[in-house]
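Chemist: Per TrEMBL, the feature transmembrane segment maps to 12-43, 55-72, 92-110, 219-242, 262-283.
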Amino acid sequence: MNVITIHPTIYTIYYIILILFALLFNNIYYLVAFLVFIVILLFLQKSKKEIKPTLKYFIPMSLIIIILNPLFSHVGTTKIFLMGNYFITLESLAYGFLMDFSLLIILLLFVSFNKYVDYQKLLYLTSNHFPNVSMIVVMVMRFIPLLNYRLGEVNKIFDFEHGNSDESKIDKIKKMGSILAVVIFWSLEESMLTAKSMKARGYGIFKRSSYLRYKINRIDIILIGIIMLCAIISLLGLYYGIGNVEIYPTLTPSFFNFPLDFPLNVFYLTFLVLLSPLIFLELKERVIWKLRSKTYGFN
């Protein structure tokens with residue numbers, strides 16, 4: 001369903017702002033709202049399958065951060081564990097937890113961003129100004145899933161020809177080495193063919209053009225206006241210390257305070273509005289799609 005078309009530049013600006021805000025705001029209630037909104041958006045994008053592999057890599061990394069930060073950072077005044085001259089502070093533990101929270105949000109933001117801006121749109125945005133860099137980025141984005149696919153295909157062939165029963169660890173290592181060698185040679189051969197094809201078609205001789213064409217519509221202007229207004233108000237609140245908690249040297253009681261009092265609630269509600277435009281558009285698109293389905297009699 002692509003009933004509502006948004007310019008890729010708007011998506012890119014919006015997600016850059018969200019990533020920056022995930023790093024700037026460390027109030028737990030801001031981060032929880034951030035996480036809830038991005039998970040809702042991923043479900044509306046039908047990206048819940050991508051959440052599981054993201055968590056698969058995030059959980060071990062987050063545990064490492066939570067464990068290592070208190071072990072090596074002894075900044076803070078609230079000691080919660082003492083063993084001789086060694087101690088762990090509440091501040092370092094809280095900082096590691098909030099850093100994990102922000103990292104999870106950023107990872108999910110990239111998953112969501114890839115649903116809206118694929119490699120073709122990314123190439124469209126960057127090819128005019130950074131043709132070489134954009135081509136490298138796009139090829140890397142394509143190369144990683146392609147390698148995974150080819151590894152699976154070659155592994156199936158090896159299993160079919162040689163079987164996989166009663167293999168020692170050395171045999172498995174040799175098998176993996178052979179699979180990697182086949183995949184690498186396969187990829188190198190294809191990259192040479194791709195380079196020859198690009199050279200034959202004159203890539204890099206003239207200014208690069210794109211068959212994709214996007215125009216700034218009224219919905220784009222309205223959306224970027226809402227985004228920028230909410231971002232400026234949220235940054236104003238951040239300037240006055242709203243949305244950011246001082247962890248070091250002492251964790252203040254404001255860390256646990258919910259932003260209900262004026263003007264805290266105004267800045268917090270503005271932050272929630274900043275998170276909601278794409279959710280609103282996804283819901284609106286579903287309503288439009290259902291109405292059209294009933295009108296034209298298709299599912």
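Each residue, glycine too, has its Cβ placed from N, Cα and C.
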Chemist: Return yes if the transmembrane segment (92-110) and the transmembrane segment (12-43) have at least 3 CB pairs under 8 Å (sequence gap of 6 or more), otherwise no.
Modeler: yes
Chemist: May I ask for the residues of the chain that lie six or more residues beyond the transmembrane segment (12-43) and have a Cβ under 8 Å from a Cβ within it?
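Modeler: Beyond its ends, the transmembrane segment (12-43) has Cβ neighbours at 50-51, 98, 101-102, 104-106, 108-109, 111-113, 117, 125, 223-224, 227, 231, 234, 238, 242-245, 247, 255-256, 258-259, 268, 271-272, 274-279, 282.
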